[in-house]
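Structure first, commentary second.
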Ligand code: NDP
């Protein structure tokens, strides 16, 4: 029987993880079955228990369950502990293990685009699981300063306190989105606004050189703004490939090459 893997979220239809993991497996000569798994908003625990009870080998976790996944794990990696969010789950010796591969995926994606990260001033919009996962890897990649701006200020504050508790010397600021101004080298949209179709309003006084939209597969207000300002921009498909490669290596012990799986996304201006 083929080994079973899945990605769990709500919504889940947009996910391209199954096609990626099947493509990696074909390239590496591994047989597997990787499905999408929709969990009810209050049904995450029951859904992952059912998956692993039914011989599931590994799960990726997406919106909005990454923080719940972290809370469920018996063992987490250091980068998942710092993020307090998990996107990759597997059982080992009867214990549920979790890792967070989003940050390494984003760093690999931006590096592949040849956008500068060293000494960069970075603005991240949003303070959910995805933001938690990328902060520390971005600092490790050499960025000088990160500002997190969230619609709900209290959530940004909570995230900042969590991170600084581990690494008090990091240059990590927070802001309300409406209060943003000035210049950033790179802006990363880590809100889920485009998933829900909600508007994302950014102040006119905010300026930036590069724009990375974590969502993928459709156009967004953020990508439209980047086009309007003639700023180089990318949607999140390359990050998806990057984080999937990390998860694949955890589960299978071998690693596909990022460049082999980057296609031209129709939403990259
Ligand atoms: P969460 O649900 O954990 O967080 C969502 C965030 O979006 C919150 O900060 C929320 O703010 C904010 N938000 C939602 N709607 C709006 C809006 N209309 N205006 C302003 N802010 C808004 O999601 P994740 O952090 O897990 O994921 C965020 C995005 O990143 C998703 O689009 C996801 O698909 C994408 N992603 C892509 C990856 C990739 O590999 N390319 C990997 C991981 C994530 P508030 O706190 O105020 O509610």
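Keep in mind that glycine also has a Cβ here, set from the backbone N, Cα and C atoms.
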Binding-site annotation, TrEMBL, NADP(+): partner of 78, 126, 127, 128, 129, 130, 150, 151, 152, 153, 154, 155 in 236, 242, 253: 236
Among 41, 140, 145, 243 - the residue TrEMBL places in the same shikimate site as 15, 16, 17, 62, 87, 102, 212: 243
Candidates near ligand 1 among the binding-site residues 15, 16, 17, 87, judged by a Cβ under 6 angstroms: none
Residue counts (helix, strand, coil, in that order) that DSSP gives for the domain 'Quinate/shikimate 5-dehydrogenase/glutamyl-tRNA reductase' (117-194): 31 helix, 24 strand, 23 coil
